[in-house]
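Per TrEMBL, the features are:
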DOMAIN    2-219  domain 'Glutamine amidotransferase type-2'
ACT_SITE  Cys2  active site, nucleophile
DOMAIN    292-432  domain 'SIS'
DOMAIN    465-606  domain 'SIS'
ACT_SITE  Lys611  active site, for Fru-6P isomerization activity
Amino acid sequence: MCGIVGAIARENVVPVLLEGLLRLEYRGYDSAGIVVTNGGLHRLRTTERVAELAKLVSNDKTEGFAGIAHTRWATHGVPCERNAHPHFSGNEKKIAVVHNGIIENHETIRQDLQEAGFEFLSDTDTEVIGHLVSKHLATTHDLLDAVFLAVAELRGAYAIAVMDEEQPGRIIVARNGAPLLLGLGENGNYAASDASALLQVTRKMVYLEEGDVAELYHDRYRIRTCDATTKLNSEVTRPVRESDLTREAVELGPYAHFMQKEIFEQPVAVANTLEMVLNAQSISPRLFGSKAEEIFQKTSGILILACGTSYHAGLVAKYWLESISGLPCSVEIASEYRYREPIANPSTLVVGISQSGETADTLAALNYAKLLGHDHSLAICNVPESALIRQADLRFLTRAGPEIGVASTKAFTTQLAVLILLTSVFAKLRNKFPSELEQEMLIGLRHLPVSIQLALQIEPQIKEWARNFSQKRHALFLGRGIHYPIAMEGALKLKEISYIHAEAYAAGELKHGPLALVDKEMPVIAIAPNDVLLEKLKSNLQEVRARGGELYVIADADSNIKESEGVHIIRLAGYSGMFSPMLHTIPLQLLAYHVALQKGTDVDKPRNLAKAVTVE
Ligand code: F6R
């Protein structure tokens, strides 16, 4: 999604702005732009990559002590230079604005502004912001006041940065529903939608809250916030935090792609996430916060809300929570849940799962669940300062480290690790977990990072398979029981980065329709652990083979399935019980990665996709 970087310093800020944009590239974008003050507002925009913008800047010898820059992921208006940010307020080029998010009432505002004589040059919702600021500046003569009045008219979610040609020593930023933070540096002050964009200049971050408007000077900053009821604004202080993100964590190092790096980081990511239990003698509800035990004691069911890969983690957890802790669990796609009329139960704990913690649908669904009457919520999330973490009553941070590849990998396995802990906690509270089982679980968790490391060793065989897939246009993924969501996750990974159409089916559903698709052109990937459903799955695989479908089976060492013509098998170690879904995910991630490499697609930044989906 879109990215914002702003900088005001004692030195030329162009290198900081460009480096910041490069670090935000992973979020996905289709145009980029920059504006700096240098005897007026000087702007460059392109529909190419940030590297191209850097060339334009260098040819143009653009320099300045203050500037704002942006990567745009198109929502309103096609990706083209005219729609790229920064936008000026009309032809006067007086006000420059960059914006993340969506202004929902932009059409009405546009109409009013047009009637008032403002000219629109783009198809974006963003352009109304610049004009509104211009309009209010004419009466307030103060940029901060003008921005306050402008944002009061906006509906929707946004983070913005604004500059005024006539007040070049000042940048105003505002946050409402989209992430934005300030960076406090030695030589200047900065703003960005993501901390990773500013690590080159500072680790001191101030995370803005909803409704905050901040003004940045090179040597100071001020934050004012708008009271939602009185609409009056007053000065506030927000804590300065030292970011623990390291530059290495957001750099590629020896890897070719972030996705590759993140797949291979999974043993460490899972070990870090489980750190608090790896040496523990028991699994305590306090892992989920000091109030968790009291809330969990009253919990009669679980409702999981999430999107995409995080939703798949939720689907896996449903099997665990119901079969091990005996707790009813429903899992819903957040974008669907938020627009239907479900029956709420105050004692059903709402669990929001999200890597970014900024996914608009998940945040809205959690809010909606609260409005409907659910008493408590838990966030499972990878980003400490995210909106989801702040919104929920209880939280568990996955410690996967920054996930930069658009395709989620280590976030998924760390989410599953947390969901195993959640299942164990509830099993214990509900007397379904005698101490021998708890000890067995602790031993299993201690071995998990090594088991993932072993699963990664099948990479050479997966590379062989990938060669067969690169020419295919479709693929079918099959699983049964708890491995059905793993098949769904495998299909999602393949389609999003290799653009091969992939569908997942519960293998028992095959003969109810999708079997019609199977012929020798249709590779069928089957997840075949040695669990209670293996024999059933084998019958389903026979049905595929009988129609000429080529089978690629991810089995366990002890799954009794034989390799034969048209049946390729990769074996993981012996059946790993409850941990099996996590291990069977690894070959599917590697398969998607190597097929994408074969096809030469942009692995880390697949077309049309963005990392954090901060708009509906
Ligand atoms: C797929 C993928 C997406 C995300 C989804 C939710 O690889 O990454 O499907 O899982 O957009 O994102 P988060 O987890 O940040 O809420």
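Cβ atoms here come from the backbone N, Cα and C positions, even for glycine.
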For the residue listed as 'active site, nucleophile', what is the tally of other C-beta atoms lying within 10 angstroms of its C-beta?
28
Tell me, how many other CB atoms lie within 10 A of the CB of the residue listed as 'active site, for Fru-6P isomerization activity', whichever protein chain they belong to?
25
In three-state DSSP terms, the structure that the residue listed as 'active site, for Fru-6P isomerization activity' belongs to:
coil
Name the secondary structure element type, per DSSP in three states, that contains Cys2 (active site, nucleophile).
coil
Quick one: pull the CA-CA distance for Lys611 (active site, for Fru-6P isomerization activity) versus Cys2 (active site, nucleophile), whole Å only.
10
Counting by DSSP secondary structure, give me helix, strand and coil numbers for the domain 'SIS' (292-432).
65 helix, 27 strand, 49 coil
For the domain 'Glutamine amidotransferase type-2' (2-219), provide the mean pLDDT of the predicted model.
91
